[in-house]
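Visitor: Here's a structure for you.
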Amino acid sequence: KCCMRPICMCPCC
């Protein structure tokens, strides 16, 4: 999931 990446550009963050 993108939220678990160092750089997040998703709505979930």
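In case you wondered, yes, glycine gets a Cβ from its N, Cα and C as well.
Heads up, here are the entries from Swiss-Prot:
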type	residues	note
DISULFID	Cys2-Cys12	disulfide bond
DISULFID	Cys3-Cys10	disulfide bond
DISULFID	Cys8-Cys13	disulfide bond
MOD_RES	Pro11	4-hydroxyproline
Visitor: Looking at the disulfide-bonded residues Cys8, Cys10, which sits with the largest number of other Cβ atoms within 10 Å of its Cβ?
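Guide: Counting Cβ neighbours within 10 Å, the top one is Cys8.
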Visitor: Neighbour count, 10 Å Cβ-Cβ cut-off, for Pro11 (4-hydroxyproline): what number do you get?
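Guide: I get 7 for this one.
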